[in-house]
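Taken from Swiss-Prot as is:
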BINDING   355, 415, 418  [4Fe-4S] cluster binding site
């Protein structure tokens with residue numbers, strides 16, 4: 001928190017970043033805000049670039065636009081021949097559009113290519129106090145740095161490319177404070193799943209959330225990105241964490257981060273954008289970190305989640321008819337019975353990756369549970385680094401060998417099995433322990449059944465063949 005000068009109005013982190021980016025507020029219309037960074041990928045950008053070509057427009061600020069290929073790319077091969085006809089068309093179209101409009105592109109052959117929300121921060125493209133947009137719902141990831149980051153639609157992608165601005169209504173503010181410290185075996189993924197379980201998948205609708213408290217402050221930048229990544233899963237517009245020394249240490253020296261005198265000036269500004277003492281939030285949610293256990297989803301949205309030492313809930317215990325019906329529908333799809341201990345649920349697929357959990361810290365955590373063990377009979381497990389940099393670092397540390405020797409498949413960077421948009425997908429009836437962010441019906445493939453967990457929990461499930469409580473011997 002920062003101290004407010006006498007007679008000044010106390011503001012939240014979000015309010016400060018918002019106010020600094022309002023370009024104009026036309027009467028009777030939504031405010032226009034400036035966009036500092038625009039990230040694009042092969043799926044939501046083709047129509048936007050086509051619109052510019054038809055209108056004869058150029059990019060307003062090509063140096064502030066960064067592109068990569070991630071959603072449709074193969075994690076088995078870097079060859080274009082490995083792609084489906086549609087995927088190949090999309091990546092080739094992105095390459096041509098970037099060439100035509102002068103956009104920096106990290107293509108499938110670039111050593112820094114990767115998932116847009118992994119490579120952006122690690123290159124220093126993301127930093128505090130900025131507004132960042134991308135045609136992807138998990139853009140909130142970048143809020144871990146104290147940036148205002150959110151996903152936009154294809155028509156908005158075109159608008160930002162052309163004007164470097166966007167019309168936006170100001171959101172309400174919510175503070176989610178996680179007090180105290182978590183116990184061993186509890187990760188950032190467990191924290192955010194517990195939050196969503198508490199407020200529901202629509203509890204944050206209409207808000208920009210600021211995550212704070214000792215448990216959040218104790219997280220690494222990788223952990224904070226995991227938390228902010230799933231802000232959208234509670235319905236929030238964006239999630240943010242106030243920048244601090246952990247943030248500055250992470251950014252120092254990265255390719256696109258400020259340098260020299262600009263660095264000192266930037267840090268001074270970043271330190272000043274924290275929420276002021278006395279700032280009022282529209283809503284406040286509190287959790288005790290000590291109460292959070294390793295989490296595991298049982299249904300078909302991230303809010304349908306319980307602790308690993310719990311049981312599948314019974315819809316009959318739910319008083320709200322709508323919620324009860326939703327629970328019954330979820331259990332029918334997921335193929336579970338009320339009262340089943342979570343540790344009795346067997347799996348046959350494991351996915352460690354996605355923009356939620358594919359960073360080096362995530363892979364290290366998973367490797368602890370893979371080392372010296374073997375993937376259980378009948379289980380297929382894949383590990384997909386989030387970027388070329390993550391892959392190289394993991395291989396330098398020997399993590400790839402740990403996974404391969406245990407029977408995991410070691411893949412190339414990409415979005416992979418998070419969504420059924422490439423050649424990594426589940427078959428009908430498969431049950432997967434996944435470190436991704438969505439467990440919707442068919443998300444990983446038609447008829448697939450997804451359980452969201454942390455990387456450590458996923459790796460442990462891979463070797464056990466079922467979910468286990470990693471806080472205990474197994």
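From the backbone N, Cα and C atoms, a Cβ is placed for every residue, glycine too.
For the binding-site residues given as 355, 415, 418, the lowest number of other CB atoms within 10 Å of the residue's CB is seen at 355. Look at residue 355 ([4Fe-4S] cluster binding site): DSSP puts it in coil. When secondary structure is read from DSSP and collapsed to three states, residue 415 ([4Fe-4S] cluster binding site) falls in the coil class.
Compute the center of the Cβ atoms of 355, 415, 418, which mark the site for [4Fe-4S] cluster; besides them, the chain residues with Cβ within 8 Å of that center are 70, 71, 115, 117, 138, 353, 354, 356, 358, 414, 416, 419, 436, 437.
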